[in-house]
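Encoded as structure tokens, the structure appears first; notes follow it.
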Amino acid sequence: MLKRRQILSIVLIALIALPWILLLRVWHQTVLRARPDVLPTIHIITPTYSRPVQKAELTRLANTFLHVPAVHWIVVEDSPRRTALVTRLLRQTGLKYTHLNAKTPADYETQWENGDSSVPRGTMQRNLALRWLRENFHNSRAGIVYFADDDNTYSLELFEEMRWTRTVSVWPVAFVGGLRYESPKVNAAGKVYGWKAVFDPHRPFAIDMAGFAINLRLILIKPQAYFKLREVKSGYQESSLLQELVTLNDLEPKAANCSKILVWHTRAEKPNLVNEGKEGFTDLHVEI
């Protein structure tokens, strides 16, 4: 048993040390935000396409990224040209960004319109962003690559979790696969050994696009790694890329060994516009 004097000494030391620890932590965070150049840059790749809620989704996403230091936002439009709406929005954000475009083949769009969910959306756009990174960066640049769709919700904590990824880091994603969340399975040694998923859990990487981040160096030294557009089964897009980069044993579980939810696969409700088009109502030249 500790003597009363020893207990008092421990309490006194803690009371003296705690303010200094808190002060150092605040100073450290202040320095990081003031000097984002000392941090690995997070390259956030967002494919997007024209629809009534596009501007609202991108605005919400930009407002999140403004709170994250050392971010480079790569926005890729599914369009034959970069649109004025997205161009203006990106300029007004104050974020460091790259604006690209790549039009998905018409036969894929027809399949989407017919409700075929097996056809991957955003694949060409993500691949264009990967190619852009390889053409504009070299191996000595520290960075992280993350695929952030414009309809998800992201905790700020997520970006600090992924920032020091050595190979590929992983974590749970909420509201996917017909579940409250899907997650990597992590053993007592902190290694990923499988997947908490109902839909085809034996996929090589049974993970949502929002559930992993990749060290930029890995993207640069493995130029053959891309998402497959054709001849890939539904739900295997993520695996088609990750199989070219890592094995299951290489994965780094984040978010308290995959026990915390830091990203949600949310979707904006499709707006009810049944009264649009009637003469005398809203001006179609007003950007929404």
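Keep in mind that glycine also has a Cβ here, set from the backbone N, Cα and C atoms.
Record check: TrEMBL places Pro47, Thr48, Tyr49, Arg121, Arg126, Asp149, Asp150, Asp151, His265, Thr266, Arg267 at the UDP-alpha-D-glucuronate site, and the matching candidate among Asp78, Asp200 is Asp78. Nearest by CA distance to Tyr49 (UDP-alpha-D-glucuronate binding site), out of the recorded positions Glu182, Glu238, Asn275, is Glu238.
Over all protein chains present, the Cβ of Thr266 (UDP-alpha-D-glucuronate binding site) has 14 other Cβ atoms lying within 10 Å. The 10 Å shell around the Cβ of Pro47 (UDP-alpha-D-glucuronate binding site) contains 26 further Cβ atoms across the protein chains shown.
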